[in-house]
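Colleague: What follows is a structure written as structure tokens; I'll ask about it next.
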Ligand SMILES: [Zn+2]
């Protein structure tokens, strides 16, 4: 049994038959899927998805590449929306929020401000955070040391060094493992993941993006999380049952799922 802790089902639905995607996820023993918020525009859609499907959950937040012009206004919109979202019992985190300097640092200060705000809001509502980070691990780690997420969370789609991963683990965060580990050439990330404490790992697909090795050019979907798990088992050279049940526990406790077994 698995949880896909990060999949953009709202985007998958634009490319594939969602009914079929969810059926196949169920067949692959994916018991829950978490759909992250990108900005105010996708919030109603993902709330609706979670409302319609018992195994779909969501997070509310601002992706660093889609930050609002006015960060203050963004934080206010989030604060306004959360009580209602929490009442549905399907809102399980704040995110995805973070830093993304892939296209440069022009928005560095806005990104940092909005990330700090979102961590503050997550703490206020006792929620974990779903963190996105590209080309910014050092900035992210120092920001999180100052604005500590008190209720844990996940650094999603992790690829980086062992030291960076352990810095996140020391901050109480889980490391989100996706399709990148299925690529032989991702040597650094594979070595890192193999060495991290098993208690610090959770699974994800980041569907519809991040296709697995051998599936390049195809639309990724939550059922593939079982192949990420298979890769992880091979990589860690540990008992299949041990890895599967520990990862199940990790994701359940991170997102406080009490209603699924
Ligand atoms: Zn994402």
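Heads up, the Cβ atoms here are built off N, Cα and C, so glycines get one too.
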Colleague: Quick one: which of 206, 259 does TrEMBL put in the divalent metal cation 1 site with 6, 8, 96?
Modeller: 206
Colleague: Within 10 Å of the Cβ of residue 6 (divalent metal cation 1 binding site), how many other Cβ atoms can you find? Include all protein chains, please.
Modeller: 29
Colleague: Just to confirm: which same-chain residues, 6+ apart in sequence, have a Cβ under 8 Å from the Cβ of residue 156 (divalent metal cation 2 binding site)?
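Modeller: Residue 156 (divalent metal cation 2 binding site) has long-range Cβ partners 5, 6, 36, 95, 96, 130, 131, 132, 176, 178, 204, 206.
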Colleague: For each of 8, 132, count the other CB atoms within 10 A of its CB; which of these binding-site residues has the top count?
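Modeller: Selected residue: 132.
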Colleague: For the recorded divalent metal cation 1 site formed by 6, 8, 96, 206, name the remaining residues of the chain with Cβ within 8 Å of the site's Cβ center, in chain order.
Modeller: 7, 35, 36, 130, 132, 156, 157, 204, 207, 209
Colleague: Sort residue 8 (divalent metal cation 1 binding site) into helix, strand or coil using the DSSP assignment.
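Modeller: It is coil.
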